[in-house]
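Over in Swiss-Prot, the protein carries these features:
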BINDING   44, 69, 87, 114, 115  S-adenosyl-L-methionine binding site
BINDING   246, 249, 263, 266  Zn(2+) binding site
DOMAIN    4-374  domain 'Trm1 methyltransferase'
């Protein structure tokens, strides 16, 4: 295997040299013998900050590839009592051994196993699931491996089913009815959380989001796992619903059931998706801890981007409603010239931008107030 050394954060690791695996002058990370995607540096950078707050005793990186994620956690976040790095690809585990040793990690436990098999053998207070594609095949096993109040982190790059572009795939992987709606960038994350909650309930556990975000072409989500059938039931009853959007006027709301429901504004039948999670996407207490700490990581190459994202999330996190996509809403209202987002925010008063979409606005104000502002500013 042809290798090259790269620096990410405070570690240096060997990865497959892209020049040795190009096809017609192009390269995709999946073509290399071991997967390494530099485009996920932002994901790993922000995760390093989160793990530094959590300070877990046992870190399990179940799909390690080069080992970059787990190694960075150990070097930059927190020297956990135990670091478990696993990949079913023997080329990957050989590379992990080299990379761990080169970064001064002598006590890492390195496994060459199927991730699900490993996760049914271990218990951990921090498990990271960062697959190539959907995390769905690893949800149940990772929740099973989580100790009481443990954390499981998920990355999902299969946005097509989650955002409703591939409804049949979403039904198959996430057991949810889905199709493209105006706020699908956020709704996809809620569909994912809904699936995780239902899987946890099988084990008489439940989960609550600590921190989550959308970036580039993926979702990243950190959930706290709690034990108890009653907690599982309560979370399902309180936070698993459906979402309806009016295809005519753009009114949107959470609804109890997947049945024909008329829009209260114009009488059109809602487009409905779900089940999905309707609760908060962030723990406000944990978000404050991130905001207090992240400046200590100003050496990160993506620090400015992290700062920008966190500043937006801090503002939008206090609102309960799904964001309104002003571009899509204006189109439904037959308004061709969209007013500046800042002007709409000023008109509404209690509102913010959202990191999910550049033309999105998050507010708990009523639909009528939002449309009134849009119409008055055109």
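Quick reminder: no glycine exception, Cβ is built from N, Cα and C everywhere.
Residue density at residue 263 (Zn(2+) binding site): 21 other Cβ atoms are found within 10 A of its Cβ, drawing on all protein chains shown. Residue 44 (S-adenosyl-L-methionine binding site) sits 40 Å from residue 249 (Zn(2+) binding site), taking the Cα positions as reference. Those residues of the chain, other than 246, 249, 263, 266, with a C-beta within 8 angstroms of the mean position of the Zn(2+) site C-beta atoms are 247, 248, 250, 251, 264, 265, 267, 268. For the domain 'Trm1 methyltransferase' (4-374), the mean pLDDT of the prediction comes to 98.
Across the structure, residue 69 (S-adenosyl-L-methionine binding site) and residue 249 (Zn(2+) binding site) place their CA atoms 45 angstrom apart.
Residue pair residue 266 (Zn(2+) binding site) / residue 115 (S-adenosyl-L-methionine binding site) shows a Cα separation of 50 Å. Classification of residue 87 (S-adenosyl-L-methionine binding site) by DSSP places it in coil, neither helical nor stranded.
For the binding-site residues shown (115, 246, 249, 266), fewest C-beta neighbours within 10 angstroms: 266. When the Cα atoms are compared, residue 115 (S-adenosyl-L-methionine binding site) and residue 246 (Zn(2+) binding site) turn out to be 42 Å apart.
Maximum intra-site Cα distance, S-adenosyl-L-methionine binding residues 44, 69, 87, 114, 115: 22 Å.
Distance from the CA of residue 246 (Zn(2+) binding site) to the CA of residue 114 (S-adenosyl-L-methionine binding site) is 44 Å. Using CA atoms as reference points, the binding-site residues 246, 249, 263 were checked against residue 87 (S-adenosyl-L-methionine binding site), and the closest is 246.
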